[in-house]
Ligand code: NA
Ligand code: NA
């Protein structure tokens, strides 16, 4: 039963991810896509947590934080890129 | 599962190859990325899939997944990453200097 | 190292000194004077062999070069090699003396001239004395190369380069063929020594490689000796300075082919193929050369064609002589050995008169500035000595008494007449051809000899058409031809001196089976007068018909122009060379398109076709899904996700979508790794994928938006077929490999990683310990990529580099 | 509170964190965590130009409670809006002012305001006094956000001052 | 009803709660009209969803194995800390580049004029 | 255990990294590089000596017994190639001192060069298939950087293709490795040899063998050479020279290793296929070589021809054939380096690679001219220069194996090779001198030194073929008898 | 006018500590759990990248004066030199060893030379990743 619930949760997360992918593909604007990507990352975090429970292992708990980190860094990079046209600035004052 | 994976790998190779055969620098590199994934999955599949827990001693008492292919894939992933980054930069420098991303316009001087 | 080796290597060693001598003394003394002693010394050294050799001694000496490979510098001094050795050094000395006057001292690169000459001389000596086939080949090629260099001595002239290239291509082609033949011989007999091959040949004559080896060896001989149709290089070789023409292209190098045929007669002789090929090719060459010699207006060209003709003559004699071996060395066969004797005799005679004639032509050229018969004439009174010399040489060549050519020509006729009566080799039917061809060719020979002598020296002197005011040549230049002409006469009167000392030992070498003295009895009886026999009538006929033809030359010479220009061998050669370049470029440009896509298509096509064929033919596929892991629904979802994202990349119209799809693909694969319980992989894949996508985005900020691929349907279908082929191949092989696990993987060993390496994470233990070497190199790859990216971006072309151009 | 103290605090935090990460609670792990923290702090030392304020446990707890309450409330609000068969929201932009000062206060407020559903901080003015906000539904949000802001401001000041 | 069942039920509830937030926010992502409103869905509901899910996993390991996973706690904290910043940054980027600003209602008329002018010109 | 075996890999590796550390100090880098190369060469020669007296040397890296760890094995074949590689690398390295330019020097040119050598040497020495892949990558990534170094238009255009093809071929390598591991469950070459022999080389294994052949052929430019002419014409001379001398050789080495040690059971399929591919390579290469009037192209197609010739000896798979191949391989490493250095120098002098645009160079550059002449002859296998021994024995091998067509093609194409390089000599060095020293764009000063060094080598290798015969024959015996190699890897240890 | 990055800056500072701690944990965890030099290194690199993103090149270089190319080289050198170290013990190249030591305060501690090797790997990875990202970002 518990495993069935976990499967349902996973499938729901997948649907959620697919919806986000739809937004990624559809856009229409860059920020739309980035927001959707961010959400994919967040859902992945959830998915990995569920999978860890499903597999009864701690081995993937690192993955959770890691996805969080990468998703954050990625979103910031995108935001910078959209805002300034560059990702890393040489000097903020000019 | 192995059969499914073999089919999946075939699909990845097909799509990757198709992309590699197109004209645009970006599509080509994306194609190589897809083939790369196919290759990594192939190594994993050839090692045998999911016959046990994670290759950590003490975590699970079940039998272990073949750990050697995993190590090989890790090395392959890193090398592939290194090559891809260089390749990417090469592509964009090529575009910058030659002013086109159309490979048909990047013909060599094979004909004099 | 024995003296003979030292003598052979002496020219090479001395060649190294020449540039220094040239640099130090060239302003005082002509470099030729330094070089001349070398052939003289060797000549004198070789003379001492005459006595032992003529008493039947065989002198072998070995110098180890590559003993493990069976390539040793073994020398064999016998009658055959000695004749050649003496010719090479004797005529060499005379040619160098002649060249001292002929080659202007101030002409630059004179040292090169003598280096090449010494190189050639050494190579030629090595060739004839070497008993090891591969060493023989080495020297053989050096003669080709030095000839190449000498022909192009005036490398600024396009014609010189053309001639040099032609001779090189043809002779080296032949050399390679010969080498192939030698390799076969070596394989058949297990030895590289000519003498040992001869002794073992009886066992392998029926082997499958016998005929190929023979044909290949002959190819070498024919190209070198300018036999038809390879003769075309020789006329163009006349671009070389005249001393060279006299030396290489008439007296010595071109005779290397003759030498080879003679040397290998004991190996191949007696076979019907050998007999027919050698004698017929020789005959054709003879008549072809004599016929075209008549056409020539350039004196040197005339001599070149005459040389071709004469070489053909000698070659055919060797072929005819080999018939004697077919009888298995009996009394009966001895009568055919006269052909071989004639060959060797004519070889010497030809060297003397042709050498002399070349030198005379050189003198004419030197004095008048032209060699064109149409501009020459009436030099008789101005250059009486030269005239006399040319009479001697020309008449000898025409086969008239009292000159040595008459003797060998008579022996030639004897040989063809006897051959026509041969009871074997189908000669009953075709034998009569030989005397007929021989006679016709001799008529033409007579004609061109007359042209050579009388068009130059008789008739009207036309000083206005000459570059210089003609007068007799300096004494030094005249001495060498005088020496040679004297020999022409002396040999006529005392033929048996060389008959006993040189010819007989050489025949013993060529036909080693004939040990009994009687076999070569004709040698002691070389004489001018045999009574009124067929041979004499043939000669008289030649003089009569030849004179008629010479006098009516203007009337019938149009016959040369009836054949269209393109029909000549030369135009075939030129067209082939030109065409080969066009065709080669056509072929290469056709597939080397410069489009990377085409190359990838070839590669992928080769990949799929080769492997699928292999799978099909070898039945490499055996599907066995019994040990498949079960499939869970979540895995199916992930797989579908992967396919969708991959298709997304394929069909996306914007680069961003494509990049994001590829990122999604990577992430789903990371999840797959999670499912397959590979946490390290999942972690790495996640980070790497992220960084990769970030790099994509960073770079493709600089790249343009996707353009619609305007490609033809055919193009797309090809792509589709190719990529499907690749996909199918990979899948098929994966399936069969999956069902075909032959062994237990070695990885169970790593399950002890905690005891072995103190690590609970097996993957990590493999990475840092068991296979830490891979990891070490992996970070090297990574670092190089990093530095490379840095370099690629920072280093821009700024006209940097001191020695590099775009 | 001196800069040094902040750093010490962070260091100890890291050391504790380290024990948790390693699932081992002994002096050795703590000490190694402390060393790790030292390394991190050393490498990051130049980023500490402004000082960190003493964290009062109580104030923090209070802040957390307030925040959780607001979060749940506004979540329900937003979920309702999304679930409505017909969307009748009026998204829009409004501005609010804050009396908070300093990097950490302003950041904390912005963070909390953004986390509560219905509103996002779009922009912070150069002086940090004015937030440009976006609201899901401007008629409802602009007022509720202003109220929430005030409670947050008070709670934050309790923590930081 | 033993302890395992209780644990499983409560964890299931947390998971289901979390995943419903996730689903909702993904519907929002599709349904909502512009980038700003969508950002509300992603930065808040989704964050909440993942927090519930992580909490569920945390509890599961804590209660079944007695394993207190700091990695999960740290994950929760990190997501909690960074999600709003990410949302802030990305909507700000949209706002500053005038993405879909013409649909916005402005309380401040001055601001509105500025935005509409620049978006019209851009 | 013999740590000497690892030194040819880690000396250039460490030296290169030290150069990166001292990246501003070019002088130090030059000296360090020369010292590193010299000591690598010294070690390689010591290895040759040791192998001769004590047999194949090996080391289990990390002390992990084969097949679990990575084994590095120096057999005579590898040692010979190491020495040859060292010689040509030294010449190219010194050549670049005078030609490469300050900009590239400052951008890690010398370290990249040494990393390339790390990859090359490692590929020769490794006894593990996956490790071979990794060494290939070390070599390739360095070559990617070296080929693009400078970033001129032509370089970028060609290097994109070069990188793409190699990326694809690396993937195929991994694919092949995956199948091989799937079927045999091991990566150690000696172990593979045992397992393949034990199981019998069935259809699937033969197919995998052919996949490996394709992979290595892409590297070796065996039939799949399309990428080569363009790529080798792009980089600076010293780089082009080291590429043409070594990179294809690594592929050839791998083909030899795999098809003598592991997949030697079905020669009538695999080796004949190698022979066919070799023949086509020779023909197409020779056709390409005579097609053009561009020095770079002529030389590049010549690289291709020799690949075909070398593998012909393997196709024959007899003692003579392999003996010839090894002789020719060593010869070819040196001569390709040499002729590319000269070709590059000529291009630098005249500012063009087009033969029709200059002539008569020999008047002002007699030494360069004659060295070109010698190398041209050597390239065509004209005796007594270094190519001829190899050619004789390769041909003999093909004849012994009754592959007469293969031997014949070898000879025909070597004539075409001669024609093609003599075209350069006759049209570039001979003819009217149309360019005075003042008009020249570069100079031969100093660069003549490394060129002369290699010229002397090709002459010495021709005359002194006997001098290395003992070594070569040991190498051949090793290739013909896998058990020697296996014994050296496993010793007395149990084999799983 | 430039927008105020105050929120980003302050959160980045906190996040940096978390990520750094996590990366070092990942690094050391690798021996027994998923992780290791490569992953730890990349995670650390992501911190550096985050700093570059949130601040700017000049600022980060001022506060974090590291030469990443040098770091790469030193990392690789460290890794390879641990391998060379085994020469001195007459062991094959790259022989790793580990042992359990009784230390005064720490009690029993496992010390493995593989950790040194892994530190080299991590340094190389950090150096390379940052070099690549910075190079590309600075391309014009
Ligand atoms: Na006349
Ligand atoms: Na020219």
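The backbone N, Cα and C atoms fix where each Cβ goes, glycine too.
Note: TrEMBL annotation is automatic and uncurated.
According to TrEMBL, the transmembrane segment annotation covers F:6-22 (among others). Residues 28-29, 32-33, 35-37, 39-40, 43-44, 47, 59, 61, 72, 82, 108, 110-115, 117-118, 121-122, 124-125 of the same chain lie 6 or more positions beyond the ends of the transmembrane segment (F:6-22) yet place their CB under 8 Å from a CB of it.
Annotation comment: TrEMBL describes F:31-48 (among others) as transmembrane segment.
The feature transmembrane segment is assigned by TrEMBL to F:68-96 (among others).
If you look up TrEMBL, you'll see F:108-126 (among others) marked as transmembrane segment.
For F:127-416, the entry in TrEMBL reads domain 'NADH:quinone oxidoreductase/Mrp antiporter transmembrane'.
Annotation source TrEMBL lists transmembrane segment at F:132-151 (among others). Remote same-chain residues near the transmembrane segment (F:132-151) are listed as 103-104, 107-109, 112-113, 115-116, 118-120, 122-123, 126, 158-159, 162-163, 166, 170, 173-174, 177, 219, 231, 234-236, 239, 243, 247, 250, 254 (criterion: CB distance under 8 Å, separation of at least six residues from the stretch ends).
According to TrEMBL, the transmembrane segment annotation covers F:203-228 (among others).
Residues annotated as transmembrane segment in TrEMBL: F:240-263 (among others). Sequence-distant contacts of the transmembrane segment (F:240-263) (same chain, six or more residues past either end, CB-CB distance under 8 Å): 77-78, 81, 85, 88-89, 91-92, 95, 113, 116, 119-120, 123-124, 132, 136, 139, 143, 146-147, 189-190, 192-193, 196, 201, 205-206, 209, 212-213, 216-222, 228, 231-234, 270-271, 274, 296, 299-300, 303, 307, 310-311, 314, 322, 325, 329, 332-334, 336-338, 340-341, 344, 479-480, 482, 485.
Long-range contacts of the transmembrane segment (F:269-292) within its own chain (CB-CB distance under 8 A, at least 6 residues past either end) are made by residues 206, 209-210, 213, 217, 221-223, 225, 229, 255, 259, 263, 298, 300-312, 314-317, 398, 403, 405-406, 409-410, 412-413, 416-417, 419-420, 423. What TrEMBL records for F:269-292 (among others) is transmembrane segment.
Sequence annotations record features per position, and here TrEMBL assigns transmembrane segment to F:299-327 (among others).
TrEMBL lists F:333-355 (among others) with the feature transmembrane segment. Here the transmembrane segment (F:333-355) has long-range neighbours at 81, 84-85, 87-88, 91-92, 95, 99, 232-233, 236-238, 240-242, 244-246, 249, 293-297, 299, 302-303, 306, 361, 365, 368, 371-372, 375-376, 378-379, 386-387, 421, 423-424, 427-428, 435, 440-444, 447, 450-451, 454-455, 457-458, 461, meaning same-chain residues at least 6 beyond its ends whose C-beta is under 8 angstroms from one of its own.
Listed as Cβ neighbours of the transmembrane segment (F:367-383) (distance under 8 Å, sequence separation of 6 or more from its ends, same chain) are residues 302, 306, 331, 335, 338-339, 342, 345-346, 361, 390-391, 414-415, 417-418, 421-422, 424-425, 429, 444, 448, 451-452, 454-455, 458-459, 462. Residues or ranges marked as transmembrane segment in TrEMBL: F:367-383 (among others).
For F:403-426 (among others), the entry in TrEMBL reads transmembrane segment.
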| query | How about the transmembrane segment (F:31-48) and the transmembrane segment (F:203-228): do they have 3 or more C-beta pairs under 8 A, pairs 6 or more apart in sequence? | reply | no
| note | Other same-chain positions with a Cβ less than 8 Å from the transmembrane segment (F:203-228) and lying at least 6 residues past its termini are 136, 161-162, 165-166, 168-169, 172-173, 175-176, 179-180, 183, 196, 247-252, 254-255, 258-259, 262-263, 266, 269-270, 273-274, 277-278, 280-281, 284-285, 300, 303-304, 307-308, 311
| Contacting positions for the transmembrane segment (F:68-96) when only residues 6+ beyond its ends and CB under 8 Å are counted | 5-6, 8-9, 33-34, 37-38, 40-41, 44-45, 47-48, 51-52, 56-62, 109-110, 113, 117, 120-121, 124-128, 131, 188-190, 236-239, 241-242, 245-246, 249, 253, 256-257, 326, 329-330, 333-334, 336-338, 341, 447, 449-451, 453-454, 457, 468, 471-472, 474-475, 478-479, 484-485, 488-489
